[in-house]
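Asks: Right, I'll just put the structure down here and ask away after.
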């Protein structure tokens, strides 16, 4: 398998060198393109002719010459190997040897396959070389040995007989998105979404909204939004003396903090009244023991 591949590559390089040594004219290029167009329309006819030519040959050492049509002078156009082709093959098909150099396209297709039988992509073939019109002695052909490894030519899918069907009318293959490009695009979209959300944009048109509750304000956490009603509140205390339970009741300002113990609190807002209706009837105001802070409460 490796020797066969090496032979295919060697033959292809020989074709390229022959074309570089003796460039073909623009008329031959136009005829070659027309010939390949006819072959792509009727691939079965070309394969049948190639089978007959390969019946007496040992492999790909000789090109497959097929009559494709007739030129203006009546001689058919052929597909040959170039200037290195012998005149014996032309005489076999009835073509004069003097017209072989003018009518031959000089394009021979060699394909390289791996050990599994799949065509190796990225190998530029001799049939992919495009010759510019009006070539002079100093002009060079596009392609060649230096570009054979970096080519993007699709050699097609090989059939059961080893021929590759090349679609010359297909559009060039476009590069796809990489995974890193997709991740970058998604990350940029999320970043833009958060950036606009911080500015107060709720995306009414796009339908994208990030509802983030505002952080609590520590200064407003301890105070209520509604003002405290001014006045007094009634407090109740239970006293256990070992035999009985005594219930004591008294009043404190509404704005004062509720604490443990019998404490007479003071007004902090300055608007609560000193006495209320219940304070006036309280008989223990003068006899009650008031504790002003927690350490004063006996255990």
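Glycine is treated like the rest: Cβ placed from N, Cα and C.
What Swiss-Prot records for this protein is below:
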type	residues	note
BINDING	232, 251, 276, 279	Zn(2+) 1 binding site
BINDING	255, 267, 269, 272	Zn(2+) 2 binding site
COMPBIAS	133-143	compositional bias 'Low complexity'
REGION	40-94	region 'Disordered'
REGION	110-120	region 'Interaction with host STAT1'
REGION	133-168	region 'Disordered'
REGION	204-229	region 'Disordered'
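Please go over these features one by one and say how buried each is and what sits next to it.
Replies: Counting every protein chain shown, 20 other Cβ atoms lie within 10 Å of the Cβ of residue 232 (Zn(2+) 1 binding site). When secondary structure is read from DSSP and collapsed to three states, residue 232 (Zn(2+) 1 binding site) falls in the strand class.
Residue 272 (Zn(2+) 2 binding site) falls outside any helix or strand according to DSSP and counts as coil. In this view, residue 272 (Zn(2+) 2 binding site) is surrounded by 21 other Cβ atoms within 10 Å of its Cβ, with every protein chain counted.
Mean predicted confidence for the region 'Interaction with host STAT1' (110-120): the pLDDT average there is 66.
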Asks: By CA-CA distance, flag whichever of 232, 276, 279 among the binding-site residues is nearest to residue 255 (Zn(2+) 2 binding site).
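Replies: If we rank 232, 276, 279 by Cα distance to residue 255 (Zn(2+) 2 binding site), first place goes to 232.
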Asks: Given residue 269 (Zn(2+) 2 binding site) and residue 232 (Zn(2+) 1 binding site), what distance in Å do their CA atoms have, once rounded to a whole number?
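Replies: Between the Cα atoms of residue 269 (Zn(2+) 2 binding site) and residue 232 (Zn(2+) 1 binding site), the distance comes to 12 Å.
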Asks: Taking 251, 267, 269, 276, 279 as the binding-site residues to compare, which has the smallest set of other Cβ atoms within 10 Å?
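Replies: It is 269 that, of the binding-site residues 251, 267, 269, 276, 279, has the fewest other Cβ atoms within 10 Å.
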Asks: Under a three-state reduction of DSSP output, how is residue 255 (Zn(2+) 2 binding site) classified: helix, strand, or coil?
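Replies: Where residue 255 (Zn(2+) 2 binding site) sits, the three-state DSSP reduction gives coil.
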Asks: List the Cα distance (Å, whole number) between residue 267 (Zn(2+) 2 binding site) and residue 232 (Zn(2+) 1 binding site).
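Replies: Here the two Cα atoms lie 10 Å apart.
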